[in-house]
Each structure stands twice: as C-alpha cells, then as structure tokens.
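Here is what Swiss-Prot records for this protein:
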{"type": "BINDING", "residues": "HIS51, HIS150", "note": "heme b b562 binding site"}
{"type": "BINDING", "residues": "HIS65, HIS164", "note": "heme b b566 binding site"}
{"type": "BINDING", "residues": "HIS169", "note": "ubiquinone binding site"}
{"type": "TRANSMEM", "residues": "1-21", "note": "transmembrane segment"}
{"type": "TRANSMEM", "residues": "45-66", "note": "transmembrane segment"}
{"type": "TRANSMEM", "residues": "81-101", "note": "transmembrane segment"}
{"type": "TRANSMEM", "residues": "146-166", "note": "transmembrane segment"}
{"type": "TRANSMEM", "residues": "194-214", "note": "transmembrane segment"}
{"type": "TRANSMEM", "residues": "256-276", "note": "transmembrane segment"}
{"type": "TRANSMEM", "residues": "288-308", "note": "transmembrane segment"}
Amino acid sequence: FGLLLGICLIVQIVTGLLLAAHYTADTSLAFASVAHMCRNVQFGWLIRNLHANGASFFFICIYLHIGRGLYYGSYLNKETWNIGVILLLTLMATAFVGYVLPWGQMSFWGATVITNLFSAIPYIGQTLVEWAWGGFSVDNPTLTRFFALHFLLPFVIAGLTLVHLTFLHETGSNNPLGIPSDCDKIPFHPYYSTKDMLGFALMLIPLITLALFSPNLLGDPENFTPANPLATPPHIKPEWYFLFAYAILRSIPNKLGGVLALAASVLVLFLIPLLHTSKARSMTFRPLSQILFWTLVANLLVLTWVGS
C-alpha cells in the first residue's frame, strides 16, 4: 500500500495544483470559483472529482497500510513507524483544511466545530482559537490561511515520505512471518514493479469509476449550499474517513474529555511499539492477538457507522 499512497500523493498534488490555478481564497468568491471550475474550465469537473475522491482513496490506503503494519509487527521499525504516524496526522490536517476551501455549508460548520475544540484547552484555549480564526468567528482570514496550509502541507507530506523511506531502507521491509528475509531478496524490477502495477490498477479503476459515475457519493449534500453563518445544518459531520474519531468525540459528554479521547484515538499509535511483549513479531501464528486485532477493526468500522 506504500506505493499506492505515493501515487495518491502525486495525483493529489497534480490535481490540487491545477485546481489552485482557478481557485479564489475569498469568502465571497470561493464557492463561485469552485462552481466555475466545474462548469467552465476544461476538464475542471474531472480534476475536482478526482481530487475530492482521491482523498478518500488516500485514507483507504493509509488505513489499510497502518492495519497491515499492526498485524505484521512492522511497528518494531520504530523510526519508520513514528514518522508514519506523523505522516497520518499531517494527512488528516491537510484533508481537514482542504474540506473547508469550497466554502459550502458543511465546510464552514465543520471548520467552526473542529477549530472550536481547541477552546477546550485550559487557560490558553480561547486565545488560541481566536488566533487560529484570525477574528471572532470563521471568516475570510480563516479561509485564506486554510488555503495557504492546504497548499503547503502536501509538500511537507512529500518530504516526510522521503524520510519515512530512508528509515525503512535502513532495516529493509518486513514480511508476513516477521523473520529476516535476506535470503529471499529478489530484483525490484520486474518482480515488485509488476506486483505494484496490479495494486495500482486495482486502486485506479475504482477511483476513476467513482469520479466519473457517482462523484458526490461520499460528499455531503449540505456542501451544495454556500456557507451561511446564520443557519446551522441539521447534522454537522465530517467526511467518512474522520467519522470514527468524530464518534469518539461526540460520545463523551465533557468537551475537554472528548477532545482528549479524539486525540488519543490517533496518538495511541505512538505507543504501539512500546506495548509489544510477544516473542514473535507478526500475528501470523498468534490467534489470540488476531482476535484482538480483528475486534479493533470491527470496532473502527462500527464507530464509523455510528458516527454517520
């Protein structure tokens, strides 16, 4: 899945640059500029649909990649793993600020709700939120800085990816048995390149199908309404890939408690290398750990479902 993530990143950066060329980061023009892109720019509709659904595939790939890392004990490459977790956090931040840019109803209210969570931090919270907003509510300054961040962060991700790969190449990659695989080394080309082409095709076909046939399947219909600070949508919820975390946030009645649980649900990944006690690296021959692992997967799926 690492290769697929790299391809996702390249696709997102290319489509994103093309979109940025036509986008206007201003509250009065953002929504109209996105509509203009889809109507009047050559293949603008396709570029936008690929960019919006490409994000979903990026998250599908990264969740599968993390799941596989957990299953096969890849987290014992501590540096690689920790940079991977930082990559996940950066990706989540990028997706969040990007979601705000079209300036639809859910963009605006999502930004309001999530940035407002920082006010739960004791003592400095309120100041922090007003500093992030650039005022007393989500408004033009917020949109402008979110666009700046959304442009910058993917290049940070690309840089971190190189560091991630550098550390991975220190140890070499893991295998399903979790044992040294020096004796099994084979040339990258044609073997791995062929295997990667299969994964590439299996990702590209659903992505293009989704972008061409039902581009709005995963989006929120509220985003077809321009942002209105005076009308709150009936259900404020993020894109599907954040629903598990959002469900955790919403299920805790205390604001600070919810924020801490939300943060912990992702940051727990940093602790995984410290929690490994087994003599075997991988879960291949550990049925008990397998049960726990698949319970975790089911748990995340249920949270995602409940969150929606």
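Just so you know, glycine gets a Cβ as well, placed from its N, Cα and C.
When Cβ distances are compared across the two stretches, the transmembrane segment (45-66) makes no contact with the transmembrane segment (146-166), since fewer than 3 pairs at least 6 residues apart fall below 8 angstroms. Within the same chain, residues at least six positions away from HIS65 (heme b b566 binding site) with a Cβ under 8 Å of its Cβ are PHE1, GLY2, LEU5, GLY84.
Within the same chain, residues 1, 3-4, 7-8, 46, 49-50, 53-54, 56-57, 61 sit at least 6 positions outside the transmembrane segment (194-214) and bring their C-beta atoms closer than 8 Å to a C-beta of that stretch. In this chain, the transmembrane segment (288-308) does not touch the transmembrane segment (1-21); fewer than three CB pairs sit within less than 8 A of each other, excluding pairs fewer than 6 residues apart.
Listed by sequence, the residues of this chain that lie at least six past the ends of the transmembrane segment (288-308) yet keep a Cβ under 8 A from its Cβ atoms are 67, 70-71, 237, 240, 243-244, 246-248, 250, 278. Beyond the transmembrane segment (256-276), the same-chain residues lying 6 or more positions past its ends with a Cβ under 8 Å from any Cβ of the stretch are 66, 70, 73, 75-76, 78, 81-82, 85, 88-89, 92, 117, 120-122, 244-246, 248-250. Compared over the binding-site residues HIS164, HIS169, the count of CB atoms lying within 10 A of a residue's CB peaks at HIS164. Looking only at other Cβ atoms within 10 Å, the busiest spot among the binding-site residues HIS51, HIS150 turns out to be HIS150. In the three-state DSSP scheme, HIS51 (heme b b562 binding site) is classed as helix.
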